[in-house]
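TrEMBL annotations:
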BINDING   100, 174, 202  Mg(2+) binding site
BINDING   320, 337  ATP binding site
């Protein structure tokens with residue numbers, strides 16, 4: 001096999017060549033997502049070029065998760081619950097988990113037993129998948145079909161290939177931005193479908209109203225398959241119910257707060273933030289359905305529930321309400337959250353309030369915000385909840401940066417290359433964010449608003465603003481984008497988890 005002479009960097013560089021560029025992304029936006037209607041038939045063609053049929057995916061015993069907020073966290077809760085339960089006469093379950101985006105390295109998107117694929121395994125399965133498309137591209141061209149799938153579709157197909165080869169007992173699959181036309185939706189018969197909290201996001205593809213978005217997200221519902229939903233706003237729940245009837249779902253279960261059950265009344269989740277109880281509650285119900293269906297096991301049996309509690313309490317999911325202590329300047333505590341919608345930023349600032357209020361007297365009462373958002377998002381809309389919800393506390397300094405990790409382009413890691421949203425050398429987005437902040441808070445000192453060209457410079461700026469000579473500790477909030485958080489963790493020297 002040719003891949004034996006390839007490296008992980010070779011795999012990532014080849015994968016990046018499949019990214020949708022900014023020009024094509026603009027066409028998708030103008031089409032209001034109609035181009036994506038071709039996603040499923042094309043993805044099915046690609047699946048068959050890998051010598052799989054849709055029914056082959058059924059052996060993966062899939063939990064399929066869609067939603068606007070908390071998809072990744074819900075998947076992480078499902079994974080740790082199922083890893084920790086002890087099923088009679090059965091060894092520990094082997095889990096596969098597919099999620100997006102990655103935080104630091106692309107191999108995080110495909111996990112076995114909660115761990116990112118090793119660089120060796122990622123390279124192996126990447127080139128096995130890639131070579132199959134190479135071998136069949138001439139026939140595809142004759143049929144006027146694409147030679148190779150785009151970035152996300154490729155990773156979706158590679159994940160299915162990996163999980164089949166690794167013979168997992170369960171595959172937890174997170175949708176991309178939608179549901180109905182999402183490439184993960186080639187799954188014909190999942191064990192259970194789950195829909196996390198819905199909100200307004202990706203309007204250029206999914207629509208401008210909650211009802212339109214709920215229609216797309218609930219497109220993952222399948223015939224005679226149970227559906228778990230977070231407790232949604234009434235207009236969203238109404239659409240989910242209608243689609244469940246239309247698509248002949250088995251039953252719709254709205255997940256109530258797990259703390260209403262005495263067993264979990266005082267539980268301390270592994271993920272911080274009050275909003276994580278919504279995600280944990282959806283995950284609990286999804287796992288309940290899965291264990292009952294696959295192993296005829298009641299999740300509340302004494303021995304089983306011990307594993308459930310352990311799973312909920314030990315769940316880790318990078319980039320969400322994550323704390324990282326600076327290695328170089330130990331008086332700096334980085335509070336990182338990839339929130340990128342109004343609702344998730346509200347949850348993020350509530351979490352940061354809790355961080356501030358629980359800090360002891362050794363911490364400074366001056367806080368620094370670092371922010372960036374993906375091109376095209378409305379900065380003034382996203383910054384407003386940060387200003388509103390952080391009151392009565394205020395930030396002393398605000399830094400707007402790009403998602404680029406390092407100032408030297410040759411030192412920037414291939415996992416962070418993004419052709420869909422190339423960085424603007426003129427920092428026009430960051431300047432727009434600065435102007436939005438000044439509009440929202442006209443009394444904020446202009447000299448305390450910083451615009452920088454990369455994350456490395458942002459870190460140096462914070463080090464200068466928070467000198468260790470003061471004997472004070474400092475809380476820094478970094479939010480607005482998972483890509484931003486990943487870049488910070490990379491520059492700060494965190495490990496891939």
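Think of each number as a place in line: the chain as shown, counted from 1.
Glycine is treated like the rest: Cβ placed from N, Cα and C.
Note that TrEMBL annotation is computational and uncurated.
These figures come from a predicted structure and were not determined experimentally.
Cβ neighbour count for residue 337 (ATP binding site) (all protein chains, 10 Å cutoff from its Cβ): 25. For the pair residue 320 (ATP binding site) and residue 100 (Mg(2+) binding site), the Cα-Cα distance reads 13 Å. Less than 8 angstroms from the CB of residue 174 (Mg(2+) binding site) sit 65, 71, 72, 75, 97, 98, 99, 100, 184, each of them six or more residues away in the same chain. Considering only the binding-site residues 100, 320, the Cβ with the fewest other Cβ atoms within 10 Å is that of 100.
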